[in-house]
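> Attaching a single structure in structure tokens format; questions to follow.
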Amino acid sequence: MSTSKSENYLSELRKIIWPIEQYENKKFLPLAFMMFCILLNYSTLRSIKDGFVVTDIGTESISFLKTYIVLPSAVIAMIIYVKLCDILKQENVFYVITSFFLGYFALFAFVLYPYPDLVHPDHKTIESLSLAYPNFKWFIKIVGKWSFASFYTIAELWGTMMLSLLFWQFANQITKIAEAKRFYSMFGLLANLALPVTSVVIGYFLHEKTQIVAEHLKFVPLFVIMITSSFLIILTYRWMNKNVLTDPRLYDPALVKEKKTKAKLSFIESLKMIFTSKYVGYIALLIIAYGVSVNLVEGVWKSKVKELYPTKEAYTIYMGQFQFYQGWVAIAFMLIGSNILRKVSWLTAAMITPLMMFITGAAFFSFIFFDSVIAMNLTGILASSPLTLAVMIGMIQNVLSKGVKYSLFDATKNMAYIPLDKDLRVKGQAAVEVIGGRLGKSGGAIIQSTFFILFPVFGFIEATPYFASIFFIIVILWIFAVKGLNKEYQVLVNKNEK
């Protein structure tokens with residue numbers, strides 16, 4: 001009897017630690033490996049792209065890149081993707097897009113990065129044009145370092161195309177409902193484990209004592225890893241098509257749930273939906289407020305990181321360390337987030353994100369505005385300069401804001417859709433994705449880039465008081481939106497329970 005109990009206990013423990021059945025490993029492990037390779041590249045690109053742009057062009061250029069290059073490029077990429085889907089099989093679409101990224105990484109690693117003087121315009125010409133046309137100086141500087149701008153854009157597109165689109169589309173296509181409940185939670189943990197691995201890889205290859213290549217080619221080993229990783233993604237995808245999709249135990253198209261077509265609304269239709277439904281408008285405001293407030297703090301923080309770590313290598317190593325902490329904090333929030341949601345009200349859970357943003361944002365901006373006071377009173381005690389403390393507080397703010405998003409912010413946002421009737425839920429969610437998604441991601445960048453165009457003599461140092469003011473206004477509006485949405489939410493919940 002005791003042996004049977006012990007076996008049952010071990011069986012249950014195994015299901016908690018590794019909920020994948022033995023025969024399913026043939027499907028899960030290659031899928032997980034594909035995701036790991038995609039995320040290894042994703043997190044490496046995220047660390048490197050800022051290092052090139054911030055140190056060679058300027059922190060201010062990031063908002064211009066996001067608004068005027070990345071956003072249009074994402075639209076063009078989606079149009080090309082749709083066209084490819086019309087003329088090629090889905091399997092071949094995957095190969096074409098992944099091969100494009102692989103080809104670009106090779107081009108950048110062996111041509112654009114090693115020979116910047118050959119591919120970029122004359123530095124003096126760019127500087128003279130910037131002085132002659134100050135309102136457009138950031139556009140001119142971006143053109144002057146166009147290869148780094150292209151790398152930044154490709155890095156942004158990798159996450160959108162490879163992870164959000166191609167990987168999840170493939171995973172959703174071949175995964176049964178019963179499998180998804182076990183597979184997808186494991187994917188979430190794996191996703192965040194890729195971040196600390198990236199941090200270790202970047203820290204090793206960019207360390208001053210590591211001399212694998214010439215000093216001016218320090219990033220080449222990282223590019224080689226990304227090229228290898230991209231090649232492994234293609235091989236794994238090919239293997240799965242040959243060995244998993246032909247195994248009836250693991251893939252039966254008839255058993256895979258038919259995907260429901262999501263409601264698609266135009267930009268104008270989405271605006272009408274948001275302005276005519278107070279409930280949907282509140283949800284859109286939450287998403288916009290989150291995206292804008294994160295971008296406003298992140299821009300100022302990155303300008304301070306550049307002051308502390310002025311070289312590409314030092315800056316990239318620091319961003320790698322940032323991702324290390326972000327990965328573990330995200331895992332911690334994933335584990336505790338569901339418990340918080342079970343034990344507190346919707347209002348309390350939804351308030352955690354804006355209050356955390358307000359408190360950490362206030363601490364970050366305080367260390368910038370009152371750096372002279374801090375230098376006199378706290379530097380000796382804390383054995384750190386005001387700049388170091390500001391960068392540290394900014395990193396904590398960024399780590400927490402991204403960690404809490406996936407566990408609490410997204411969960412409470414999705415819970416808010418549940419009490420709505422089916423028509424409003426489907427159309428409202430589509431409207432929020434169109435308006436909230438676009439304005440949330442690009443809103444902060446639009447504010448910053450417009451400010452720098454109107455006031456060309458300003459950099460982040462001069463503009464920080466204005467960005468801080470906008471940040472606090474946005475977060476306060478966010479808090480009021482949560483309160484307003486909670487009232488509407490409780491009315492619908494009580495109505496549905498009757």
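Cβ atoms here come from the backbone N, Cα and C positions, even for glycine.
In case it helps, Swiss-Prot gives these features for our protein:
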type	residues	note
BINDING	Gly436, Gly437, Arg438, Leu439, Gly440, Lys441, Ser442	ATP binding site
DISULFID	Cys37-Cys85	disulfide bond
TOPO_DOM	1-33	topological domain 'Cytoplasmic'
TOPO_DOM	55-67	topological domain 'Extracellular'
TOPO_DOM	89-92	topological domain 'Cytoplasmic'
TOPO_DOM	114-147	topological domain 'Extracellular'
TOPO_DOM	206-218	topological domain 'Extracellular'
TOPO_DOM	240-279	topological domain 'Cytoplasmic'
TOPO_DOM	301-320	topological domain 'Extracellular'
TOPO_DOM	342-348	topological domain 'Cytoplasmic'
TOPO_DOM	370-379	topological domain 'Extracellular'
TOPO_DOM	401-438	topological domain 'Cytoplasmic'
TOPO_DOM	460-465	topological domain 'Extracellular'
TOPO_DOM	487-498	topological domain 'Cytoplasmic'
TRANSMEM	34-54	transmembrane segment
TRANSMEM	68-88	transmembrane segment
TRANSMEM	93-113	transmembrane segment
TRANSMEM	148-168	transmembrane segment
TRANSMEM	185-205	transmembrane segment
TRANSMEM	219-239	transmembrane segment
TRANSMEM	280-300	transmembrane segment
TRANSMEM	321-341	transmembrane segment
TRANSMEM	349-369	transmembrane segment
TRANSMEM	380-400	transmembrane segment
TRANSMEM	439-459	transmembrane segment
TRANSMEM	466-486	transmembrane segment
> Cα-Cα separation of Leu439 (ATP binding site) and Cys37 (disulfide bond), in Å?
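Counting only the Cα atoms, the answer is 30 Å.
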> Taking every protein chain in this structure into account, which of the binding-site residues Gly436, Gly437, Gly440 has the most other Cβ atoms within 10 Å of its Cβ?
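The residue with the densest Cβ neighbourhood is Gly436.
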> Provide, as an integer number of angstrom, the distance between the C-alpha atoms of Cys85 (disulfide bond) and Gly440 (ATP binding site).
28
> Cβ pairs under 8 Å only, please: of the recorded stretches 93-113, 185-205, 349-369, 466-486, which one is richest in them relative to the transmembrane segment (439-459)?
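Stretch with the highest Cβ contact count: 466-486.
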> On a simple 10 Å Cβ count over all chains shown, which one of the binding-site residues Arg438, Lys441 is most densely packed?
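That would be Lys441, with the most Cβ atoms nearby.
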> Would you call the transmembrane segment (466-486) and the transmembrane segment (219-239) in contact, using three or more Cβ pairs under 8 Å, pairs 6 or more apart in sequence?
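Since fewer than 3 Cβ pairs under 8 Å link them, the transmembrane segment (466-486) and the transmembrane segment (219-239) do not come into contact.
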> Any residues 6+ beyond the ends of the topological domain 'Cytoplasmic' (89-92) with a Cβ under 8 Å from its own?
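Residues 169, 173, 237, 241.
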> Could you tell me how many residues in the topological domain 'Cytoplasmic' (342-348) are helical, how many are strand and how many are coil under DSSP?
5 helix, 0 strand, 2 coil
> So what's near the topological domain 'Extracellular' (55-67) in sequence-distant terms, Cβ-Cβ under 8 Å and 6+ beyond its ends?
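Cβ under 8 Å, 6 or more out: 138-139, 141-142, 144-145, 148-149, 152-153, 156, 295, 299, 302-303, 306, 310-312, 315, 441-442, 444-449, 452, 459-460.
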> Report, in whole Å, the straight Cα-to-Cα distance of Cys37 (disulfide bond) from Gly440 (ATP binding site).
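Approximately 28 Å lies between the Cα of Gly440 (ATP binding site) and that of Cys37 (disulfide bond).
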